[in-house]
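K.L.:
Here it is, the structure in full.
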Amino acid sequence: MKVFTTPLIRDADAYTIRHLPISSTDLMEKAATACAHWICSRFPATVPVCVFCGTGNNGGDGLAVTRLLRARGYTAQAWLVTSADRLSPDCAINRERLEQAGEGPVMIRSATEFPLLPAGALVVDALLGTGLTRPLSGLMRDIVLRINDLHNPVISVDIPSGMYADQPPAKDGITVRATHTLSFMFYKLAFLLPASAPAAGKVTVLPIGLHPDYIAETPTPYQTIDARLIRRFYKKRAAFSHKGTYGHALLAAGSFGKMGAALLSARACLCSGAGLLSCRIPRCGYIPLQTALPEAMCLCDEEETHLVPGERDDTPYQSIGIGPGIGQHPDTVRALEQLLQGAGSPVVLDADALNILARHPELWKHVPAGSLLTPHPKEFERLFGPDADDFARLEKMRKACAEHSVYIILKGHHSCTCTPEGNFFFNTSGNAGMATAGSGDTLTGILTGLLAQRYTPLETALLGTYIHGRAGDHAAAALSPESMLASDIIDHLGAAFLEIAGTDMQH
Ligand SMILES: NC(=O)C1=CN([C@@H]2O[C@H](COP(=O)(O)OP(=O)(O)OC[C@H]3O[C@@H](n4cnc5c(N)ncnc54)[C@H](OP(=O)(O)O)[C@@H]3O)[C@@H](O)[C@H]2O)[C@@H](O)CC1
Ligand SMILES: Nc1ncnc2c1ncn2[C@@H]1O[C@H](COP(=O)(O)OP(=O)(O)O)[C@@H](O)[C@H]1O
Ligand SMILES: [K+]
């Protein structure tokens with residue numbers, strides 16, 4: 001799904017009004033109807049609804065939602081927060097409509113007029129939307145602080161009031177902390193970035209009928225990854241195929257005390273469909289790996305505890321994954337250099353392979369074009385330095401990917417893949433249960449397995465992060481986010497693949 005910046009959303013609005021044709025008031029009615037419908041499908045009419053409105057179009061949405069909920073039998077009350085009486089035209093129309101339908105909004109002109117809410121009320125935040133031009137101050141700030149002090153569920157209309165859609169939060173900036181945000185038509189960039197996203201709570205994108213031609217034809221560097229995108233390139237296995245069809249992967253992983261990382265990535269690689277897997281490991285890992293994963297082949301290094309440069313290996317691997325648990329021994333630095341020099345095609349680099357690269361930038365010249373790098377934020381910082389905010393980091397990713405012709409997957413709640421062309425894909429699957437030791441090693445294994453099956457590096461990144469997250473979601477549903485382990489993510493890869501393949505795979 002495309003992610004548009006606020007100026008493009010406004011363009012989409014204007015294009016829709018011109019081409020459908022539909023009036024801006026009717027578009028607001030559609031948006032408010034979608035919100036009211038969402039609320040009705042989740043909260044019974046016995047729940048009182050308190051709607052806090054501003055004077056712009058976000059406030060107009062709130063006033064319309066109040067009227068629509070009342071029409072469906074809810075006890076809904078609107079408050080209009082303003083120190084002046086300047087309303088946007090559509091907000092004014094909706095104030096009139098609400099008055100005509102019975103009772104208009106109650107004015108709040110000072111924080112002392114903040115009402116005592118009925119017990120168990122649902123709060124709707126329609127104070128400010130994408131028209132935010134400056135950090136909250138004065139009355140608006142006071143009201144938002146009051147809302148944040150409540151223990152009621154808070155639904156933000158379009159965006160939590162006070163949050164910028166396309167720029168970092170202001171220092172000491174205040175924003176509504178929503179339980180749920182109903183975003184019109186698109187995700188906002190802020191919902192996908194760690195500094196701002198938590199305040200949006202759970203995000204639901206509500207279609208409001210913006211013109212499909214505008215959406216299809218307007219380019220944007222930002223997209224989210226969802227099942228529809230994945231199904232465009234997911235390859236079902238051919239009946240007349242053999243293990244060679246699905247590629248031979250090599251994983252260089254593990255050191256004394258960290259053979260688990262090698263095992264996790266190796267199992268994830270095979271469970272993602274690689275035809276053959278060889279594991280390059282130090283001697284100490286031979287018995288555990290062969291015992292726990294008899295499907296994998298082992299190439300043992302001379303050294304007991306860590307990877308060292310070895311003899312030339314001319315096997316034509318379809319993919320090479322390097323890094324989980326390898327440590328940073330000087331011999332291992334040379335082993336990494338040798339592996340990179342010998343790799344004729346894109347590789348997957350993770351964990352200590354990235355840390356070594358950060359300390360030995362001279363190795364960059366050996367990283368094949370099209371390679372996938374999977375840093376978590378700390379590894380990213382080691383590689384490229386600290387950043388002032390999330391947006392500065394996106395820009396740094398863009399530059400690094402272009403300079404080195406690589407794909408970077410910055411891991412997190414919404415792992416973000418950046419391409420050498422400067423496009424960003426945010427993953428939407430996964431959950432906090434995946435914040436557990438070894439989750440990243442399983443991702444490396446999955447990516448190495450997909451690359452072996454001749455998915456392109458971009459397809460590998462998109463399918464890999466999505467399927468990793470979905471497997472994590474299945475594991476959390478079965479076991480709870482607390483109890484799931486990285487190996488449970490691997491155990492649920494099958495459920496994730498079946499979901500993508502569709503029902504015909506299941507019989
Ligand atoms: N296509 C869509 O997605 C659709 C979107 N729709 C809705 O429209 C919303 C955008 O509406 P909008 O442009 O009227 O802006 P909105 O945020 O309501 O108010 C801005 C007002 O607040 C003011 N103001 C700014 N900063 C401030 C501050 N810190 N503290 C105090 N005041 C501040 C600013 O005035 P200023 O004081 O700057 O002159 C201005 O008057 C969007 O989020 C969605 O809900 C739907 O209705 C239909 C389809
Ligand atoms: N809160 C979260 N929500 C979604 N995914 C998460 C969350 N925390 C971690 N993950 C995922 O788990 C993986 C963790 O990777 P990493 O930090 O390298 O772990 P490790 O080093 O233990 O293997 C990443 O793919 C990340 O996207
Ligand atoms: K809002």
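Glycine residues also receive a Cβ, built from the backbone N, Cα and C atoms like all the rest.
Curation does not apply to TrEMBL; its annotations are automatic.
Got these off TrEMBL a minute ago, pasting:
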{"type": "BINDING", "residues": "57-61, 129-135, ASP158, ALA261, GLY325, HIS376, ASP441", "note": "(6S)-NADPHX binding site"}
{"type": "BINDING", "residues": "ASN58, ASP125, SER161", "note": "K(+) binding site"}
{"type": "BINDING", "residues": "LYS411, GLY412, HIS413, HIS414, SER415, GLY440", "note": "AMP binding site"}
{"type": "DOMAIN", "residues": "9-216", "note": "domain 'YjeF N-terminal'"}
{"type": "DOMAIN", "residues": "226-500", "note": "domain 'YjeF C-terminal'"}
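Describe each of these features in terms of where it is and what it packs against.
P.N.:
Secondary structure at THR130 ((6S)-NADPHX binding site), as computed by DSSP, is coil. Cβ neighbours within 10 Å of THR130 ((6S)-NADPHX binding site), excluding its own Cβ and spanning all shown chains: 21.
In the three-state DSSP scheme, ASN58 (K(+) binding site) is classed as helix. Cβ neighbour count for ASN58 (K(+) binding site) (all protein chains, 10 Å cutoff from its Cβ): 26.
Listed in sequence order, the residues of the same chain lying 6 or more apart from HIS414 (AMP binding site) and placing their CB within less than 8 Å of its CB are LEU192, LEU193, ALA197, THR224, PHE426, ASN427, THR428.
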K.L.:
If I take the alpha carbons of ASN58 (K(+) binding site) and THR133 ((6S)-NADPHX binding site), what is the distance between them in whole Å?
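P.N.:
Pair distance, Cα basis, whole Å: 14 Å.
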K.L.:
Among HIS376, LYS411, HIS413, all listed as binding-site residues, which has the most CB atoms within 10 Å of its CB?
P.N.:
LYS411
K.L.:
Quiz question: given the binding-site residues ASN57, THR133, SER161, SER415, which has the greatest number of C-beta atoms lying within 10 angstroms of its own C-beta?
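P.N.:
Answer returned by the neighbour count: SER161.
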K.L.:
Which binding-site residues, if any, among ASN57, HIS376, GLY412 have a Cβ under 6 Å from ligand 1, given in order along the chain?
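P.N.:
Checked binding-site residues vs ligand 1; flagged ASN57.
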K.L.:
Using C-alpha positions only, work out which of the binding-site residues ASN57, GLY60, THR130, THR133, ASP158 is nearest to GLY440 (AMP binding site).
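P.N.:
Comparing Cα positions, the closest of these binding-site residues turns out to be ASP158.
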K.L.:
Indicate the candidate from GLY60, GLY412 with the smallest number of other Cβ atoms within 10 Å of its Cβ, considering only these binding-site residues.
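P.N.:
Selected from the binding-site residues GLY60, GLY412 on minimum Cβ neighbours within 10 Å: GLY412.
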